[in-house]
Amino acid sequence: MCTGKCSLCIAISLYPLVLMSILCNTLLFFPGWSVKYVQEDHITQEVKYMGGIIGGGVMVLITAFYVHLIGERGCCGNRLGMFFSIVFAAVGVAGAVYSFIVALVGLSSGPLCFTDEGKWDTPFSNSYVTNHATWTQCKEPKEVVQFNIGLFISLAVASVLQALLCAAQVINGIFGCICGTCNKQPTLPHSTVLLSCSMNKIFILQTKYLDKT
């Protein structure tokens, strides 16, 4: 596959992952599907770092846009453009790694919740994910443990896929710098070429006839 077409495939694959990251991070601001907790600032600390919005969202989206341009026929589809795609892909990798680290820390720390001790706290240890009996410590927001686990895991999976795709673009960009993008200039249709040739022949015959007369 040409490096230009490969870039286009990578960009198209990144778009839904970017949307997934932004969506997961946004939903984490509304545990229990309520806005009151964000208004009262009772939100898990790692959610405020916005790994899915800044890292897996904006940074990877910038990468996807530029890589998409590389895949399309245009001024960016050349060796210099492929070189810059390596830089943009590295930015995407950094954003995905940031998103993954935030998701991992958020998953290991557990959610901020109102505990049975009557205070807002993060009462869990690292083993709480598999120890369902401890989840009852959180009284509010409703089912916040399951809510956070599901979204942080989704965010982590999306960031891993983003990092792999951006890393693939780095490799693809290196090959593109060496070999080019395979994006050729559009050619005229076959019928147009034949018509042009016929017109030229007619013009030559007319010229010869006029010379003889």
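Just so it is clear, glycine is given a Cβ too, placed from its N, Cα and C backbone atoms.
Feature annotation from TrEMBL assigns transmembrane segment to 7-29 (among others).
Only residues 6 or more beyond the boundaries of the transmembrane segment (49-70), in the same chain, are considered here, and those with a CB under 8 A from a CB of the stretch are 4, 7-8, 10-12, 14-15, 17-18, 21-22, 24-26, 28, 76-77, 81-82, 84-85, 88-89, 91-92, 94-103, 155, 158-159, 162, 166, 169, 176, 181. Among the features that TrEMBL reports, transmembrane segment is placed at 49-70 (among others).
Residues 3, 7, 14, 21, 28, 44, 46-47, 49-52, 54-60, 62-64, 66-67, 70, 76, 129, 148-149, 152-153, 155-156, 158-160, 162-163, 165-167, 169-170, 172-174, 176-177, 180-181 of the same chain sit 6 or more residues outside the transmembrane segment (82-107) yet have a Cβ under 8 Å from a Cβ within it. Among the features that TrEMBL reports, transmembrane segment is placed at 82-107 (among others).
For the transmembrane segment (149-168), the residues of the chain that approach it from at least six positions outside its boundaries are 6, 10, 13-14, 17-18, 20-21, 24-25, 27-28, 46, 51-52, 55-56, 60, 63, 89-90, 92-93, 95-97, 99-100, 102-104, 106-107, 129, judged by C-beta separation under 8 angstroms. For 149-168 (among others), the entry in TrEMBL reads transmembrane segment.
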